[in-house]
């Protein structure tokens, strides 16, 4: 898994706003990413403070090398491959230009997972502890699921990230009080006006951040005006908090009436321009105008800051207030970091154990195939008389024996998942049990995980002589003939002791003609682990 992106920590707002990806564009970007031959899964998180892409390679790492095979890729080769993949991701989403490259951050493997978890826990947010990021991440995951770009690995990482965020908010007080970009904006307003009571605040926009800001403004005693392109949304928000809704056409008049303007829309263009502010200044008769722009892309043209008696602040200007907030939450942030580290370690353990799944599946298939072959040999001979109940009991006994035989080896193998020498242990195990060399039809016996033996449903075979047919010739199997002698006992074929392969040819004794084990593994979500 890799991560490529930028945030308020690596790029100024003028860079972030150029690269912001709106929700309506996310499916297109996700499709472009997963169309790349090297990318199997993708997740895009775009907020006012970050644009981040998480991706997982289409092909997982190969199984441990067999003796005499080519050596595994070196750390240098893996690094080059990861760098190439990161470069491809950056280019596909428009982050590959020279002007942007210096602002990019990247992580690979467990470091990428750790970063994802820290973001979900709001530890990487401009305002540590802010709750909005968890909702934004849920929305990004929902879009990726809808676009079918989340698979086993990245899908699980995303799911765990949400759990991590919830756990941090439940087990720590990192989100206590008012912690969000909106709350920081109101704190700034309080610094400008010692008391907001009696002052008029204009809120441009009616989204989540605008709603949060409106409640704080009203609580502080400010008179609130709400302007939004959608009159209905403006009216709904104003009604909820006791403000005054105005149509978009009254934006300039509202700027004239306001002491402070807070803007938070999703517009791709400036909604407050220097010309609008110049006209408003004349009508304001020298009153200072304070504007706080918490939107990305920005709503207010930064050129208005050059006008007399006009003071503009954007999200990057809120950093000093944020720093004070972080200091007060240092202890809770440390507790949150410990939770994130614990969850990241657990995810890494799952990843390592998952890589062992093909070997464990192969070992169980190998063991089961041997037991099945021996039991079916007996069922075609001395135990032909067994009924349905007895055959079902044998099937259960095979399962129980397989589980008991392999419980200790598989438990210890999983415990070795984080051992640097695990590849050597796995290779030895596959060599000792000839897991890679097992005939496909023997491996197919793994389907007995369902607990079936041929004949367990059909019941005991009816002797051929009882159906009016002659008994098997002396040269038939079971009468001392060579292994490949034919014909095989017709009763055995008719009653399922021998399964038929495609084309009607009976399989070897003790072999189950069932689905390809690779397909079964794939259906179980384990292929390529």
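Note that Cβ sites are derived from N, Cα and C of the backbone, with glycine treated the same way.
As recorded in Swiss-Prot:
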BINDING   47, 48, 49, 50, 125, 130, 131, 132, 136  substrate binding site
ACT_SITE  48  active site, nucleophile
REGION    56-80  region 'Disordered'
COMPBIAS  62-73  compositional bias 'Pro residues'
SITE      115  site 'Important for activity'
BINDING   205, 206, 207, 208, 209, 210  NADP(+) binding site
REGION    454-505  region 'Disordered'
COMPBIAS  464-475  compositional bias 'Low complexity'
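Its Cβ placed at the centre, residue 47 (substrate binding site) has 24 other Cβ atoms within 10 Å. The DSSP secondary structure for residue 209 (NADP(+) binding site) is helix. The distance from the Cα of residue 49 (substrate binding site) to the Cα of residue 115 (site 'Important for activity') comes to 15 Å.
Reported as a whole number, the C-alpha separation between residue 210 (NADP(+) binding site) and residue 136 (substrate binding site) equals 15 Å.
In sequence order, 211, 212, 213, 237, 264, 265 are the residues of the same chain, not among 205, 206, 207, 208, 209, 210, whose CB sits within 8 A of the CB centroid for the NADP(+) site. In this structure, the CA atom of residue 207 (NADP(+) binding site) is 28 Å away from the CA atom of residue 115 (site 'Important for activity'). Cα spacing between residue 136 (substrate binding site) and residue 48 (active site, nucleophile): 10 Å, rounded to the nearest whole number. The sparsest Cβ neighbourhood within 10 Å, among the listed binding-site residues (49, 125, 136), is found at 136. With respect to their backbone Cα atoms, residue 209 (NADP(+) binding site) and residue 115 (site 'Important for activity') stand 24 Å from each other.
Nearest by CA distance to residue 131 (substrate binding site), out of the recorded positions 48, 115, 205, 206, 208, is 208. Cβ atoms within 8 Å of the centroid of the Cβ atoms of 47, 48, 49, 50, 125, 130, 131, 132, 136 (the substrate site) belong to the same-chain residues 122, 126, 127, 133, 181, site residues excluded. In the structure shown, across all protein chains, 205 is the one of the binding-site residues 131, 205, 207 with the greatest number of other Cβ atoms within 10 Å. Following the DSSP three-state reduction, the secondary structure of residue 131 (substrate binding site) is coil.
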